[in-house]
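Asks: Here TrEMBL flags Gly61, Glu62, Ser63, Gly64, Ala65, Gly66, Lys67, Thr68 as ATP binding site. For 1-185, the entry in TrEMBL reads domain 'Myosin motor'.
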Amino acid sequence: PGIVLVAINPYEQLPIYEQDVIYAYSGQNMGDMDPHIFAVAEEAYKQMARDEKNQSIIVSGESGAGKTVSAKYAMRFFATVGGSASETNIETKVLASNPIMEAIGNARTTRNDNSSRFGKYIQIGFDKRYHIIGANMRTYLLEKSRVVFQAEDERNYHIFYQLCASSSLPEFKDLGLSKWWHIPV
């Protein structure tokens, strides 16, 4: 049992995720402020510190709902309240591999041109003073069938098309990609 927050992706940047909003939610009790991803993150952070037990935030939703962005905001909150934002910029470091992950695990669907077809598990490590000391991101594919079949108006994983489009580059010569049929992008 836990807190449930329903968020809607506005598909545009809003000023409700700025640094001053993080500070407004930091140290507050759940329910004292408006529902927000920062309120959920603050509650998890406080319970971790108070109970000295691991906490989880599950971000779930349909394609295009803003799950990855919500996870980024939670990480930014932890980095800021954990005193790590300026020191290590943990959010940037954790998500530095995101373009590679997206190429391998994202595809065009009928609802979203860049839909994540895999799950992410992000584990953030804290020291005894509750400062972030590191993070680990694991991924797992959810849609193996996409490799061999795509519905009409959908595509395979982006990496397939990127490799085919790069087949004439010298560094890809040994991969034998030039023997593939022309694939429309």
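Backbone N, Cα and C define each Cβ position, glycine as well.
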Asks: Counting all other Cβ atoms within 10 Å across every protein chain shown, which of the binding-site residues Gly64, Gly66 scores highest?
Replies: Gly66
Asks: In sequence order, which residues at least six apart in the same chain have a CB under 8 Å from the CB of Lys67 (ATP binding site)?
Replies: Val59, Ser60, Gly61, Ser116
Asks: Hey, what's the Cβ neighbour count for Thr68 (ATP binding site) at 10 Å?
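Replies: Result for Thr68 (ATP binding site): 14 other Cβ atoms within 10 Å.
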Asks: For Glu62 (ATP binding site), which residues of its chain lie six or more apart in sequence with Cβ-Cβ distance below 8 Å?
Replies: Arg111
Asks: Averaged over the whole of the domain 'Myosin motor' (1-185), what is the pLDDT?
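Replies: So the average pLDDT across the domain 'Myosin motor' (1-185) works out to 83.
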Asks: Does anything in the same chain, at least 6 positions from Ala65 (ATP binding site), have a Cβ under 8 Å from its Cβ, and if so what?
Replies: Ala7, Asn9
Asks: With the ATP site defined by Gly61, Glu62, Ser63, Gly64, Ala65, Gly66, Lys67, Thr68, which remaining residues of that chain have Cβ atoms positioned within 8 Å of the Cβ centroid?
Replies: Asn9, Ser116
